[in-house]
Amino acid sequence: MIVIRYQHRRIIDGISKPQIDNNHHRQLCFDYTATTMEKSNPKKISYLRFLLVFVVALILVWEQKLSPVVAEYDDEDAHDCCNCNRNLSRFLPSRYKHFTNMTCADLWSPFTLRYFKSEDHILTVIVSAAYTHGWVAMGFSPTGVMAGSSAMVGWIGEHNKASIKQYYLEEALELMVKPDQGDLNLTHVKPAVVLYRSTIYLAFQMHFGSRKSHQFILLAYSDKTPVDDRLKEHIERTTITFDFSQGSFSDAVQNLQDSVMTFKNSHRISSIFGWGALLPAGAIISRYFRHHDPLWYYLHASIQSMGSIFVLVTMLAGELLYREDEPDIWLHRAFGYLTLVLCILQVLASVKRPSLDSKMRWYWNCYHALVGRTALFLGALNIVIGLQIGGSSTPWKVGYGVLLAVILVTVVILEALSWLGKPVKVRSPAFKTNLNR
């Protein structure tokens, strides 16, 4: 080969320059030079090729190590169940394949949990669930409720892009679910999500030393794929108590439901006694029975004080109920806190009321009447809202409906009598001036 090219070179040298094709001349010279280099230094070329292959392989391995997600599909239409017998090494990333002695438990349809806890308190978790679209999640909660918990959420998005992120559930509202935040102390091993046939697998690793063996585990799923990492509301969820030292779990749902029902009943009873009975009764006495002085004042103050206590109990039970059940009842909560503020303002106003002969007494009377009636109206309205959105049974609704009807009829009758009857002159004993009512 070299001899032939050298002969071409000799022929070219014998031809005058105007007759030489410059491009052909450059090509012949390049072939001759490259061939000569290959002949003269073959080890250098082999070294460069080896170095190039090594760099490419290193990049691929490094990319696989740092890749946070992996998506793998199987075109078979078989619906394999999420049992503990499946060989995960066929499709899981290499960083999760060497865990062969993992403990496995079928938690809650359609979730299966596999985990391995090392001696240095590193917990490797692989949770799987039946999947078509949307997202699936496994969370760790200190109290068994969503608020204050941290969860790993995985999904398959557009263009078959798999995603897995940690979320912090500050409150049970979509806007308060924050991506890339949480209390889970993940290791340097990147989380992964794999879709194999009709099952999705979420794999992650975390430090478990500071956590108890018994953990509240939250499991949830939705059929709505996240957009811009924002989660939509779940379709179903459950809470279990899992023992990572024994691999056993108990259903925490029944205990949670018992607590929810207890708080619901306490909330209903206290709200109906407070806003539905005592506070309206105290207002009726103040308006229509002032001629029974000073008895009306003592009854009014005592009944309103008792009603205020029931209002506080109502708010406490409602807040505990919200933390346990976490319903989407923002309007009911808003009215609840608003009526509580109005009730507190009424109590403060009664303490700082001006004397009877003060020029400010007329303005105070208008303020006291306006705030009180507004609070009673919003309280009654909020009871109706709560009974409706809380899924109360018919006896609760009928019972409060009868009570509200009795109060309204009583007010109408007393108001009509006050307009039709002769005005009653109120006695003014010295005792009245001392009370400064």
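Cβ coordinates come from backbone N, Cα and C, glycine included.
Under the heading domain 'DOMON', TrEMBL lists 109-247. TrEMBL lists 228-423 with the feature domain 'Cytochrome b561'. Look at TrEMBL and you will find 46-62, 272-289, 296-317, 329-349, 370-389, 401-420 tagged as transmembrane segment.
Across all of the domain 'DOMON' (109-247), the predicted model scores a mean pLDDT of 88. When each of the listed stretches 272-289, 296-317, 401-420 is scored by C-beta pairs under 8 angstroms to the transmembrane segment (370-389), 272-289 comes out highest. Using a Cβ-Cβ cut-off under 8 Å and counting only residues 6 or more beyond its ends in the same chain, the transmembrane segment (401-420) has close neighbours at 272, 276-277, 280-281, 284, 287-288, 380.
Packing against the transmembrane segment (296-317) from elsewhere in the chain are residues 263, 266-267, 270-271, 273-275, 277-279, 281-282, 285-286, 289-290, 336-337, 339-340, 343, 346-347, 350, 435, 437: each is 6 or more residues past its ends and has a CB under 8 Å from a CB in it.
In terms of DSSP secondary structure, the domain 'DOMON' (109-247) contains 6 helix, 76 strand, 57 coil.
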